Amino acid sequence: MHPALQGLVTIVVGVGGCVGYFYLSNFLLDRFLLPARAYSAEESAARRRTGTIIVFLLPALLIAALYIAYFGLDGIFTSTGLFWLAIVLALIFGLWRLRDYVYGEGELTAGRNISHANMIRPWLFLLPAILALGLYLTYPVFETLRLSVTQRNFSTGSYDFVGLQNYAQMMDEPKFWEAMRNNMLWLIVVPALSTGFGLLVAQLTDRISWGNIAKMFIFMPMAISFVGASVIWKLVYDARPEGQGQIGILNALWVNLGGDPQNWLTLPFWNNFFLMAVLIWIQTGFAMVILSAALRGIPEETVEAAIVDGAGPFQIFFKIKVPQIVPTIVVVWTTITLVVLKVFDIVFAMTNGQWGTQVLANYMYSKLFTANDWGVGSASAMVIMLLVTPILVWNVRNARREMK
Amino acid sequence: MDNIAGTKSSLTWAVHLSVAFLVILWLFPTVGLFVSSFRTADQIATSGWWKAMFAAEQNLQLRTAGPDDQVQDGALYVIEGNVLEGSEAKGISAWGTSARDTQAYEPGETVELRDGSRMTLDGEGNYRLESDAPFEGRRGERVFATATVPPEFTLQNYRNMLFDPSNREGMTRAFFSTLTVTIPATIIPILIAAFAAYALAWMEFPGRALLIAAVVGLLVVPLQLALIPLLKFHNAIGIGKGYLGVWFAHTGFGLPLAIYLLRNYMVGLPRDIIENAKVDGATDFQIFTRIILPLSFPALASFAIFQFLWTWNDLLVAMVFLVDATGETTVMTKQIVELLGTRGGNWEILATAAFISMAVPIIVFFAMQRYLVRGLLAGSVK
């Protein structure tokens, strides 16, 4: 089938499936499971009997049959078999509780049915999202953790537990420490300069007539892919041998100032900064947009009071405005930090980690898909996770505080 | 700050100038690539793109007319003409007859050639070849000239990369591949997230706060962790590498931001509307489809743009979950990375490929900037 057609079918099936699921599940809940009407004791007993079969017995048998068909009777007592047995038993127990919850005993009022339906409904709305988040984001965290302490055995296809050996192996590699050092450099330089430039542009464009147009152009790199940006900047950094006309603007300027043409991307250590420039170029627009909104939110009175007291423009900016937007600066800083921790495309496209520019995400990619070493690759992924965790905890705590 | 009392006007000028400087600094790299994509390989290789707007000196290889055009002038055999005929170049500043020394002579100089003939070439390109014996052979004399060529732009690069079916490096297939990845990967998460966001915003149930916290936490989980486990999972359930897998993956990775953005927006909708509808007997499903969804359009648009830009520009997820060894389904970002490896110096190819992939996001960006900004302001975790 042609991919475009397949895409169209997927959209129709996906969208139709989602809408159908939401509509049908709500319809079943309101019409058959818990209609908004009262039942006498006999009626509810009859419903309980049929409900036991339809809601509990049939699905439970189906699940059990699937389990046996997949694992067989011998497979139950392996570690995966027992793990899935626990899940199957939990599911069956859940069905039993659901039956109890839906089909009450004795006389039932309409109000009882409605309130019970309203307790079930949120979970119908949430189910696809919970499944997707669980499978695509939560499960991989634990699976990666497991893979990072195992070694793939290519002859048997099994995964043998090796403890922290992968981590030890990783720590012995100079490339890993190079990646760590570079990541730390990125973590300091990129958020600082992006936020700094963003704040500068936000403040400068605040009061000039063509400020919005200026902001639009500085914001534009946000729409450009990291790969596209890499091509753009590779042309900037392009080097021709001495004597030939330079076609990279940086070398053209450099030669004009009297220097020799340089291969910027192979200059040890400094090439990291030339890669960082690409990300700074992209992220400044983001910082600018958020900080510009924050600057506009500063109460006018505080600025006016400072002017009356004779403060100069620089004092107003550093002593009145910046202290009031510190929380927003922190948000921008952490968001860019997250981007930096995952930076992959730029390094992959421009140097692929050569000439001392390795970073963690690219190191991990080369371990996973070039060296095919899942153990060490997963271990380095866990290092990235570890670096992200403080921000994760901080975000969750903030979100919880805000909700109260 | 021109409206603040006591501010010197010199400062205002400094502000204008520094903003102009920053804007130029930010635009320069993109403009460079953009201009390069309209130049020929020769032009790119011989002069910087910033010279493309102006006439530039170039080394040209030209040829005089052949012996068929010779006329007899007394005892001499003569060929006359203009080497620049049919070309845009004018104003020769130096010339030569050997590839080793292309700038040997001044315009107007008369030189003796190896076969004993004499040649004169002036600054306008008019030449005169004289010889005592008849000219032989079929082809004219080679001439190397340094001449001024006016600026010239071409669409040939785009024709080659987009409409040439024999070009194996063409971007057409990759373009449609990217499109095929992007559209379902944008629409499906919106739908799933909208329902979940409604439940998290307007329904009361135990565990709600915990779920919201979990979504905020998942917002920052690096997708790098998911690569191997999910690839294993996709292989286990038999979808392997392909569009289906990449759609699922993008859906999963996009959901936390979608739920977070949409929930934050929906929570801010007026409570009265929803409660009135409930009093009138509307079910949650009806409230959601008839009231919440239409009112949430700005938030839906914000997320749609994010997800669109992210999936269109993505490299990693496509490489892991989609592009297989045959390369049939390669996306544009992947193809550009490959071109960077194999065609590192061919800027006319790279620039054109990059601009083909950047065109759609930039159009979307300029058309829907308002929603993008709104989404950014709502989406950065406060």
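Heads up, residue numbers simply count up from 1 along the chain you see.
Note: Cβ is positioned from N, Cα and C throughout, glycine not excepted.
Just so you know, TrEMBL annotations never went through curation; they're auto-generated.
Given the structure is predicted, the values throughout are model-derived calculations rather than measurements.
TrEMBL lists B:13-35 (among others) with the feature transmembrane segment.
Annotation comment: TrEMBL describes B:175-203 (among others) as transmembrane segment. When Cβ-Cβ distances below 8 Å are used as the criterion, the transmembrane segment (B:175-203) is approached by residues 162, 211-212, 215, 243, 246-247, 250-251, 254-255, 258-259, 262-263, 265-267, 274, 284, 287-288, 292-293, 296, 300, 303-304, 307-308, 311-312, 318, 322, 329-333, 356-357 of the same chain, each at least six residues removed from its ends.
Residues or ranges marked as domain 'ABC transmembrane type-1' by TrEMBL: B:175-368.
Feature annotation from TrEMBL assigns transmembrane segment to B:209-231 (among others). With a cut-off of 8 Å between Cβ atoms, the residues of this chain six or more beyond the transmembrane segment (B:209-231) that come close are 200, 241, 245, 249, 252-253, 256-257, 259-260, 263, 316-317, 320-321, 381.
Annotated transmembrane segment per TrEMBL: B:243-262 (among others), in sequence order.
Residues or ranges marked as transmembrane segment by TrEMBL: B:287-309 (among others).
Sequence-remote contacts of a segment are chain residues at least 6 beyond its ends whose Cβ falls under 8 Å from one of its Cβ atoms, and for the transmembrane segment (B:349-368) they are 33-34, 36-37, 44, 157-158, 160-162, 169, 171, 175, 178, 301, 305, 308-309, 312-313, 332-333, 335-336, 339-340, 343. The transmembrane segment annotation in TrEMBL covers B:349-368 (among others).
Counting residues 6+ beyond its ends, the transmembrane segment (B:243-262) has Cβ neighbours under 8 Å at 180-181, 184-185, 188-190, 192-194, 196-198, 200, 215-216, 218-219, 221, 223, 226, 230, 234, 296, 299-300, 302-303, 306-307, 310-311, 314, 317-318, 321-322, 329, 375, 378-379, 381 in the same chain.
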